[in-house]
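Have a look at the structure below before the remarks.
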Ligand code: HEM
Ligand code: FES
């Protein structure tokens, strides 16, 4: 009689099929792991740019007041956009550079294919070569290069000079010397009329 | 050392507590009768100084947070308001800012103490690694705290340091950019970034406090090392923590406060950079970006390496390598005082770290860049080459037979026989 209680009957424990218990243990652990990962994702993803940040995606800029030789800086997605109305000499200087002399030979132009070479045509606005529109952020560690203001030092190549670690950019915004690995990036943009552009 | 508890509760309330949550027993065993090597010198007081500084940072930080506003429009002004309008705000903010410098000063001394006396060697490896972890968390905490001021240096330090992650783009295209935008919560450093830096700056000191408890736990298993590096052998090698070391540590904290006070009251801005009193301007990078002094050696290492990704690897590696010291040092003995060859390399290493600090503050050009590179090489060679090799070839000086012998001379141990 005393042994009829199955919970204390050792023979029943021995009989127990161990593979059945494994299924339960593995199943429960797997369920907990997947559940944990599913909960982790919202906790991580909340840090990504939110809806309001993403919706600030495009701006319109009027270029009419920008004379040849002048440059303006506008903000797009919290980044400075350098717009330079280049002189004929500046365009000429950029065109004269051989592709092989460039540390970064890709155009880095969001409006062209990723593999487009870094020629001046591929860097400048389509069919409007005097206009150069690019993200004014040094590709080394994100400082803002100087060279927008008329009197400022523009570096050895007459484009831009980054004060942080001395990167030098030419008049097409291509890296020529210093630690920056890439040309300054060209944002997605298009001319909406002869003197207006839409960035983003 | 782990030792038998000698605590006997003497009052009713203590007896009641002792069978429920025996905190009095813990305090008695760990900070009352805890046996300390009798020969530890003043370099051993920096642990107490560091605990004190952590408390200072937490207390001043929490009251600052009552007035601080983590928004891009409000942050800089709220810090100025703390300085000008809030009652005693100038004192609280300066105590927190100067306190961070003092905290690092003490942490560096404490770390070099451990290096010199071989306190990382068995059985103290975990103790040492927890210390390195604390240093790492302190660096992260101070970096985030500095960003909260939202001055020009704050803003550009955050920009440059977070951009370090974009170097991962060279490994897997897009990885670095994705990671950086996740850190920023946008396409550039902005309000979401400031907000999360504030949340984490508030959190991290409490994580540090938790790791400090583990650090002390790991210390109280083998007990403290000492200037000879010879383990405690007998009771006559030790003295109880209280009153001998409570008094000594307390005295050292007072002396340290004098130094703290000199900076706090007479030169509160001496250790900072004036550009951080210019509000952040995302359109203009200051001509020279310089981190706070305690980051300069690491910054010099970053800039000494011409490749973007490898520079970051060097920066992080400079801390990570410290975790491996217990296994990189092949010497049979602990204390550098008894290591005639290694001694020279050690002091050269100290000079190298100071020099890296200097080069980190200078523009990386010409001979300064060259020497910055030489020092960077030595920094890593010291751990990766000199430590393993010198430990194998060096013949150490004769160690004293015991701690007691090192303090009282040989005569005493032979006469007092009772310790054998
Ligand atoms: C490990 C301990 C801590 C360290 C090393 C540390 C470090 C720093 C540093 C370097 C600054 C910039 C100082 C300046 O130039 O003004 C700062 C600012 C700040 N910290 Fe901390 N901190 C610590 C703990 C805390 C805690 C626990 C809080 C609580 C919330 C806190 C809240 C603040 C606030 C609100 C600011 C901005 C106001 C200011 O600039 O003084 N800190 N911290
Ligand atoms: S950020 Fe421009 S050179 Fe480093």
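Note that the numbers count up from 1, one per residue, in the order the chain is shown.
Cβ from N, Cα, C; glycine included.
TrEMBL does not curate its annotations; it predicts them automatically.
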Given B:199-219, B:220-240, which one carries TrEMBL's transmembrane segment label? B:199-219
Which range is transmembrane segment per TrEMBL? Of B:279-301, B:371-393, it is B:371-393
Proximity of the transmembrane segment (B:126-149) to the transmembrane segment (B:341-359), 3+ C-beta pairs under 8 angstroms: no
With the Cβ under 6 Å from ligand 1 as the test, give me the qualifying entries from the binding-site residues B:96, B:110, B:215, B:220. B:96
Summarise the model's confidence over the domain 'Cytochrome b/b6 C-terminal region profile' (B:231-401) as a mean pLDDT value. 95
Considering only the binding-site residues B:96, B:201, B:220, which residue has the minimal Cα-Cα separation from residue B:110 (heme b b566 binding site)? B:220
In sequence order, which residues at least six apart in the same chain have a CB under 8 Å from the CB of residue B:96 (heme b b562 binding site)? B:57, B:60, B:61, B:64, B:145
So which residues does the transmembrane segment (B:156-184) touch in its own chain, when a touch means Cβ under 8 Å and the partner is 6 or more beyond its ends? 143, 146-147, 190, 192-193, 197, 285-286, 289, 291, 302, 308-309, 311-312, 315
Cβ under 8 Å to the transmembrane segment (B:199-219), counting only same-chain residues 6 or more beyond its ends: which ones? 30, 51, 54, 57-58, 61, 65, 124, 126-127, 130-131, 133-134, 137-138, 140-141, 144-145, 148
